[in-house]
Amino acid sequence: MTDTLAHPITDSPAPPAVRVRRQTRSGAVALVVSILLLLALVTMPWWASQGLIRQIVELCCYIAIAQMWNLLAGYAGLVSVGQQAFMGVAAYFMFVLAQTWGINPFLAVVLCLLAPAVLAVPIYALLHRLDGPYFAIGTWVVAEVMRLATSNFAYVNAGAGMSLRVMSTYSADQRAIGVTLLCALMLLVTVGGSYWLLRSRYGLALTALRDNPVAAASQGVNVSRLRFMIFVAAAIGTGLAGAVYFMAQLRITPPSAFDPNWANIAIFIVMVGGIGSIEGVLIGALIYFFADRWFGDYGAIYLVVLGLLTLFMALFARGGLWGLLCKVVDAPWFPTRRTLLDSKG
Amino acid sequence: MQWLDGLIQGVLLGGLYAQYALGMALMFGVMRIVNITHGDLMVLLALVGISLAGSFALGPISVLLVVVPLGAALGWLLQRGILNRVVGADPLPSLIATFGLSVALQNLMLQIWKADTRSLPGGGIEQASFQLGPIFVGVLPVIVLVTATVLTGGLDSLLRHTRFGRALRASSADVEAAALTGINPRAIYAGATAIAVGILGFAAVFQSLRATVAPADGPFQLIYAFEAVIIGGMGSIWGAFLGAMVLGISQSIGFRIDPGFGILAGHLVFLAVLAIRPQGILGRE
C-alpha cells in the first residue's frame, strides 16, 4: 500500500518522486480484525443474549463518545466537559421524532442528528471567545442550560421525561437487529470516520494543530475553520451515540440525558487509554467497561480511584497506556503516519 | 415592590457569589489555571466546619478561624503537590488533573459525610432581619456582602501595594522575566492558591450558615464563580465582584418570574454577556 506523490512545481527542477508508506503490517491485521468484530456485532441478534447485546451497545457508546472527545481535546485542542449537551439534544429530538411525530424510530436516529449539528454552530460562535480552560467550563454551562431548559419544556414532558413506546410495535428480535446495525453504523462513523479523517490531508493539518497550533497556522492551516469543523463533527458523532444509547434505554429524563458523568467517562477513557490516538480510546473504553462491571458495586470508593487515576495520568503519563506501549513496540493498529521510503526503493 | 425586593436580595446573594469568584479571578489572573476543584474545596471546608462545630460546640466565628487557615494550607498543598507540575501554556494537563481530583474529592466526601444536606447552626443570626422601608433584609446576608466587599478591597490592594502583589503581577505578566529579577514563581503561585482557597473558607462558613451544603454541590459553585469572573471581566478583582452582583441579581429576579427559571436566568445572562461583551464588564479589549 504505497502511493507516489509528485510535486507539480513548475519554476524549479522537479524534486525526485518519493514513495510514502502509509500502511503497516500491524495496521492491515487490525483492519481485518476490526471488520470481523463489526461483523460479529451485526450478527449478535442471532447468537448473543439480550443482556450481552445491551452491554455491548453500551461499550460501543463509550467508544464513540470517547473518540469524539479525543478528536476535540486530543487534536483540535478544544477541551469540553459539556458534550452531554449534544447527546441529550439528539436523543430528545429522536424521541420527539419517533414518539410524537410518528417517524420510524430507526430513521429518527439518523434524522435527529440535525439537532446537534444546528446547535453546535451558535454554541461554538459563543464559546470560541473563551480560551483554554474557560472554554471547558463554558461548555459545561451550555449543558446545564440545556438540562434546565428541557426540565421546563412542557412539549417534551418537562422533568418527568419521555418513553419510547413506539418501540413496542417491534419484536425483541427486530429491535436487537435495528440497534446493533445502528451501533455498527455509529462505530463506522465515529471511529472509521476519524481514521479516514486522520489519513486525509485534514489529518495532516490536525496532527500539526495537535502538536503546535501557532506553527500549524504558519504552515497555512486554517486553524479556526478546522476547529469549528471538528467541533460540529464531534457534536454530530456524540449526538449519534446519545440517540443510540437512549433508544436502547427506551426512556429519557433531563438528568439522565444531560448527565455530566458522560464527561467523566470520556475523559477517563481518553486519558487512561492515551490521548491523540484511536488505539488509546479502544484500550481505555475496554478498561472502563470492565472496571465499571467488576468494581461498580463499590460505588463512591470506585469513583475516587477512577478520579485519582485520571489525575495520575495527567501528571505522570500524558500519553496514557497506549503512549507507554508505543515506547516498547511500534505496531500501530490504525497507522496515520506517513513514512518516507528511500526514493530509489 | 416585588422587583425592588428581588434586586436587593440579588445584591445580597451576589455577596456570596463574590466570595466564590475572588479566588478563581486571582488564580486565573496569575497562573491562567482554572481549578475545577474550586467548588469541591469550598464544600469540603464547609463540611469540615460543620463537623467541627458539631463535635466541639464551636460557634461560627471559631469555625471561621479554623476553616480559613485550613483552606490556605490546602491551597498551598494543592499548588505545591499538583498544580505546579501542570502549570504551563497548554491548559489541558491542569484541567484534566483538577478534573480527576474533583471526581475523587466529591466521591470521597460522599463516602465520609453521605449525601445528606447539612448546615451550620448560627445561634439565631441566620434568622435575624431588620426592616428597610417596606422590605425585610436579613442580617446575615448583609454581613456576607460587607465581608465580600472587604475581601475584594483587601485582595485588590494586596495586589496593588505589597511586595507580594508586585511579585504576583510580575509573574503573571512574564514568568521568566520575573524569575530573572529574583522572584520564585513557584512560591508566588503557592501563595496565590493559598489565598484563593483561604477566601473559600469564608465562603464555606457563610454558605453553610445561609443555606445547606452537600458533597455533590461543588460543580454548581464552580459554575457560579466562573460565570461571575467572565461577566465581570477576566483577571479583574473588582470585575469578579461586579460579575457576582450581576449573577446574583439575574438569579434573584429570575426566581421571581418563575421558580424553575432562576438558575437558568443566571446562565442566560452569562451567555448574553459572552455574545455582546465577551471581554466582560470591566475587561479591556
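One-based numbering along the chain as shown.
Glycine too: its Cβ is placed from the backbone N, Cα and C atoms.
Listed in TrEMBL for this protein:
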type     : residues  : note
TRANSMEM : B:6-29    : transmembrane segment
TRANSMEM : B:41-58   : transmembrane segment
TRANSMEM : B:95-113  : transmembrane segment
TRANSMEM : B:133-159 : transmembrane segment
TRANSMEM : B:187-209 : transmembrane segment
TRANSMEM : B:221-247 : transmembrane segment
TRANSMEM : B:259-276 : transmembrane segment
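The transmembrane segment (B:41-58) shares the most Cβ pairs under 8 Å with B:95-113, out of the stretches B:6-29, B:95-113, B:221-247, B:259-276.
Below 8 A, the CB atoms of the transmembrane segment (B:6-29) and the transmembrane segment (B:259-276) form no more than two pairs separated by six or more positions in the chain, fewer than 3 in all. Highest Cβ contact count with the transmembrane segment (B:187-209) among the listed stretches B:95-113, B:133-159, B:221-247, B:259-276 falls to B:133-159 (criterion: pairs under 8 Å). Distant neighbours of the transmembrane segment (B:95-113): 33-37, 40-41, 43-44, 47, 51, 82-83, 85-86, 215-216, 218-219; these residues of the same chain sit at least 6 beyond its ends, with a Cβ under 8 Å from one of its Cβ atoms.
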